[in-house]
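This report refers to the structure that appears directly beneath it.
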Amino acid sequence: MPRQFPKLNMSDLDEHVRLLAEKVFAKVLREEDSKDVMSLFTVPEDCPIGQKEAKERELQKELAEQKSVETAKRKKSFKMIRSQSLSLQMPTQQDWKGPPTASPAMSPATPLVPGATSKPGPAPYAMPEYQRVTISGDYCAGITVEDYEQAAKSLAKALMIREKYARLAYHRFPRTTAQYLAHQGESVPLEEGLPDFHPPPLPQEDPYCLDDAPPNLGYLVRMHGGVLFVYDNQTMLERQEPHSLPYPDLETYIVDMSHILALITDGPTKTYCHRRLNFLESKFSLHEMLNEMSEFKELKSNPHRDFYNVRKVDTHIHAAACMNQKHLLRFIKHTYQTEPDRTVAEKLGRKITLRQVFDSLHMDPYDLTVDSLDVHAGRQTFHRFDKFNSKYNPVGASELRDLYLKTENYLGGEYFARMVKEVARELEDSKYQYSEPRLSIYGRSPKEWSSLARWFIQHKVYSPNMRWIIQVPRIYDIFRSKKLLPNFGKMLENIFLPLFKATINPQDHRELHLFLKYVTGFDSVDDESKHSDHMFSDKSPSPDLWTSEQNPPYSYYLYYMYANIMVLNNLRRERGLSTFLFRPHCGEAGSITHLVSAFLTADNISHGLLLKKSPVLQYLYYLAQIPIAMSPLSNNSLFLEYSKNPLREFLHKGLHVSLSTDDPMQFHYTKEALMEEYAIAAQVWKLSTCDLCEIARNSVLQSGLSHQEKQKFLGQNYYKEGPEGNDIRKTNVAQIRMAFRYETLCNELSFLSDAMKSEEITALTK
């Protein structure tokens, strides 16, 4: 059966939910006092009066519930369900004996569904012995039964919405979470959660071979409402009958987004999530206290493997700043010494040599220092993104940026390619470090893609230690004001139409087809703190009608990027080609609503600092195990002091975090920027070896490395969740840690499944 996008109407949206969602947007748009806006999403921890009032309300609810006969029955039912769940979550060594036949998602705690057996199956892995922390009788986390039911069902619905969007775009969704959300024991196909990345060429293969492009299909592509539709032929185009692919529906997306917006402001849900997150952090502290030495003993007995020789991926780095400042300075001096009379630019028909470029700037490269180069971010860039962007201009000269850090210039981006290749060689020499640099496509012209592919092939930039991500800066307003684009739809068309053409007719676009093998995802980048006066809704103008010079809001960009990536991925999957992940910058600054948009559309995000401000979203990101690439050193110079960065807190709670460098040229001092990031985090937060190796393992899982590479670096079963998916001989992550993470996630998910099961039992008794 063909995959289709399930549609909803605005009439399906509850009036209360719609009003709450509009209230959130209205508050954010008006830019009211930030504390007032944040109070919508947070729990009043720092306000004694607010805390007291909240406790009073909870106490009144508890007293009212005690007098209710109906509530007493439900409490009894919950206690029974909870005791069953706990009995499944406390495996004994005897329970776990047997051949490794059980499904990974059914261990150690099988979701309770009607008709399911209460006896757990045999262990699919050798269960590690360690001291577990269990709380009995904890059936609703210290809140009323009514609030617990409401919160759990709402969270489950939000996760189902996330799962729908993830599966349609071939993004990842954790199989364990899916199993708990499934009805009547539905199985979740294992391959569903695996994106298709092109495996690296074999040593004897040419990575630039253009002869393996599949045959052309001759399909036609047209844009409707900002989304590209595929048609088998001219007749189908005239009939408006598109090729059988899932095409997104804006009204459905707005309904789903409204549900999440209403959920993150719901009082009982905020309280429930806040308490569960506090519990997760405290539980990890207890786990560390009880099992730290056992974990360390596991690692010490693991031969040949330590933190230095486990694979690490820099999951968020911009290609234009992938070298450190000393590297850039050395390269500038080297080019000036070896080829000063080379023609490097042309201005008004006059050819300009490298010596003349520096003469016009009144400087001698010999006298340059890292200080005079002035590309490093410092105290003056804090909360000043405009000043930070200027740091991309060496010595403040845009001429040097165009010459050394661009792919399109008189030299065809040769200098930039040479520097990137030097960085790649350093990664290859280190053997265990990988990188995912971002290259820019702006959407000014459809020729940008062919130019970038030509740069990649002509300068032979491929490296086995690099995978490429395309970043799309959110700067439509600049292009529109300069009359470079007629509307936002044209920008989307320039970004995505060449990709559809290369997918449909690869024989006609061989260079781009080859380049796309090494591209694994898309990013959306710019200053998130920029304010937008527009509220994205079903009444927003479609991209072809967005002709104003005002920049569309963040959520508008994300929806239309996701929509086109989703259609493209389904078309490429149909052709047996690699697919792409959507990995936007999100939650670094700006509005909490950015994180709502990313929850629906993104496979993973970069930064995620604002999750700290919303317990509901933070808990949802935990339950859905959405990967977050965090860059504490970058944040320290731009938005958040290092000591206040939530990375350590997120790691302890069990969120899927990795460390990344963002911009080594601006933020780092050493040749190995990623190791510098790990070293500082380890020192400041006193992270253990197991913590560091867990973060490194997360980075490989989050990355666009192929299935074959991940099997080689993490183990044959890396895609299975829990200890069964961990090979300590390759990852150096203790099985005790993996078992703790998995059992804790299962416990949290069981709260949601218990609430759904209770509803089914209540319906049956009635």
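Here the Cβ of each residue, glycine as well, is placed from N, Cα and C on the backbone.
For reference, Swiss-Prot has these:
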type	residues	note
MOD_RES	Ser85	phosphoserine
COMPBIAS	99-110	compositional bias 'Low complexity'
MOD_RES	Ser107	phosphoserine
BINDING	His318, Lys387, Phe388, Asn389, Ser390, Lys391, Tyr392, Glu588, Asp663, Pro664, Met665, Gln666	substrate binding site
ACT_SITE	His607	active site, proton acceptor
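According to its DSSP assignment, His318 (substrate binding site) is in a strand.
Local packing around the Cβ, expressed as the count of other Cβ atoms within 10 angstroms, is greatest for His607 among the recorded positions His318, His607. When secondary structure is read from DSSP and collapsed to three states, Asp663 (substrate binding site) falls in the coil class.
Reduced to three states, the DSSP call for His607 (active site, proton acceptor) is strand. If you measure from the Cα atom of His318 (substrate binding site) to that of the residue listed as 'active site, proton acceptor', you get 14 Å. In the structure as shown, the Cβ atom of Asp663 (substrate binding site) sits within 10 Å of 26 other Cβ atoms.
Each residue contributes its Cα atom, and for Asp663 (substrate binding site) and the residue listed as 'active site, proton acceptor' these two points are 13 Å apart. Counting in whole angstrom, His607 (active site, proton acceptor) lies 18 from Met665 (substrate binding site) by their C-alpha atoms. Take the CB of Met665 (substrate binding site) and look out to 10 A: across all protein chains shown you find 26 other CB atoms.
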